[in-house]
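Notes for the one structure printed next.
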């Protein structure tokens, strides 16, 4: 029974020493001197703030993309014991001793290093030679821009890693398709493709470009499978479902999980709360949650409330009034009602309080038991401090003459009676009998007499003049059929009014009723709101010293100075390997011209290369050339500030195209032994040039050694490069 113990247990394994060597060289090139400089480098000043907020569990919103990349950077900080206490206020600031610089920069550096063996394996899976694969890996290894971007707390190297991992995983899955469909390894690589795509999108939305490319490739391959008569209908359905699960369902679920972890980690109130809805703010510890804790949930007749506009951008504001009136005549000569001003005020103030009154009763207190206000009920809104009623009438608003003026009614004993009845419409109701709820309900107020809707028009326009204290205009919007957020309001602060006397009413406190409103906001509701904010909240784009256009990237007419030593000439620049970038452009042009030539010849039934070589050529072009196109061309349609680092995913694919073209030229255009020998000698000379350029610019890649002004001037190979030279 124990006979198997008589023989030794032997494990044999095939180790690709070239792959091991490439991995080691990649690690050395990215990890060497990782703590240098011990100062904030370029966008570390931006991402470092988010790492600190993660460490302190403080909520934030970054409009640049999803949270997965930020969480990976924060993981580095957590592993290094970072407490989040550092002021990320300027580039070049020296890190204090509590900042684990090596740990914070480790994950981007590892991701950048692993791109080297990934490039090798992608060329192998595309069925190119070991020599071509080795060349691709070495080009990635010696690419100065990729080294620079990998060595700091930035996201591009992580993005490129997941993009290349997704491509490699799909190629491995596809190559297993014919002989090992539905095997364990087949499933592993298919699932890893979906996971890597989701991670790429979770780091930056630029990952969507490669994800769409792989989905299109998978769709094309499945279309060819449909024509395979050897596959049964059941088998085709199984293939379709497997791809749908791995490439769509699982990535979507994983993408949701990034936000779930993000929201679970960031449970404290922070500086970005104000752009979120009141319900979202109330779900965070501290901030609005401290104010709303214990509020009554249901709004009743007699409730004292503040009304926050749902739009919340460019700033949050609350329905507000004060004793001042509209001027009798505006600057343009138009007349007003001279009623009490109603505005939207961007700060919390006692004049933001209103009382919900039943038009059929005089009392301004909540009865016992409370009578809740429901969808469709008619109410009057009484200003808490001045006790005047919210009113609108057929008078033009001060800044929006096509809309009605909104005021608090003053009886001047003239032929302008009060029109102060408003119908409550709960937009996000589940039924027509829904109760108006604190924070949760989004409400439109429709004027009974004119059907105008209460709207904070000032959020999309100019502020009121000096007579309106530069506050935001509120109007009655006529003939409104939509639910624009500027017309929606939610109750933020709420208490049940108990005193009929005005003096006592002004000092009433919150009711002691304990109602945890945050439990009513589900994860999906929070995810939907946060995702919408990320997609729609855009910081005002300003021209940056190192911003560039997409056209500048191809010829590398631009660079970015990442860091400058305060005393010496040592500096770090994002600058590509000129030899590699020029060769990548040439390879793309050669590939395009040759492809068009082959297509024209094949149309005439002239086949210059064998069919398998043609399929190989097109497949490599689809991945490498297609990867470059989908990661580059969309930037011509984007209205945002662009930088050279946005081009790095695209140029990575373009670099992979170089050995593809070189091998093709060697195999199919160099027909004689002499031509092949000459071509090989040219390739060696060219690669020596690539290595020479890498060594030449490595002081600007690694920031050391410091160069003299004359040496720096010698590195300014283009007039458009901004190499920093100190005046002597």
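Quick reminder: no glycine exception, Cβ is built from N, Cα and C everywhere.
According to TrEMBL:
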TRANSMEM  12-32  transmembrane segment
TRANSMEM  68-88  transmembrane segment
TRANSMEM  100-120  transmembrane segment
TRANSMEM  126-142  transmembrane segment
TRANSMEM  154-174  transmembrane segment
TRANSMEM  186-203  transmembrane segment
TRANSMEM  208-226  transmembrane segment
TRANSMEM  246-267  transmembrane segment
DOMAIN    296-359  domain 'MIR'
DOMAIN    370-427  domain 'MIR'
TRANSMEM  578-600  transmembrane segment
TRANSMEM  612-630  transmembrane segment
TRANSMEM  642-662  transmembrane segment
TRANSMEM  674-694  transmembrane segment
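Summed and averaged per residue, pLDDT over the domain 'MIR' (370-427) gives 88. Between the transmembrane segment (208-226) and the listed ranges 68-88, 154-174, 246-267, 578-600, the one holding the most Cβ pairs under 8 Å is 154-174. Contact between the transmembrane segment (12-32) and the transmembrane segment (126-142) holds: at least three of their C-beta pairs are under 8 Å, each pair 6 or more apart in sequence. In summary, the transmembrane segment (642-662) lies against the transmembrane segment (578-600): three or more C-beta pairs, each 6 or more positions apart in sequence, are under 8 Å. Against the transmembrane segment (246-267), stretch 68-88 has more CB pairs under 8 A than any other of 68-88, 154-174, 578-600, 612-630. Spatially, the transmembrane segment (578-600) is not adjacent to the transmembrane segment (186-203); fewer than three Cβ-Cβ distances between them are under 8 Å for residues at least 6 apart in sequence. When Cβ-Cβ distances under 8 Å to the transmembrane segment (612-630) are tallied for each of 100-120, 126-142, 154-174, 186-203, the top count falls to 126-142. Taking Cβ pairs closer than 8 Å, the transmembrane segment (674-694) reaches residues 135, 138-139, 142-144, 577-580, 583, 662, 665-666 in its own chain, all 6 or more past its ends. When each of 126-142, 154-174, 186-203 is checked for Cβ pairs under 8 Å to the transmembrane segment (100-120), 154-174 comes out on top. Three or more CB pairs closer than 8 A are found between the transmembrane segment (186-203) and the transmembrane segment (68-88), so contact between the two stretches is assigned (pairs 6 or more residues apart).
Broken down with DSSP, the domain 'MIR' (370-427) shows 0 helix, 26 strand, 32 coil.
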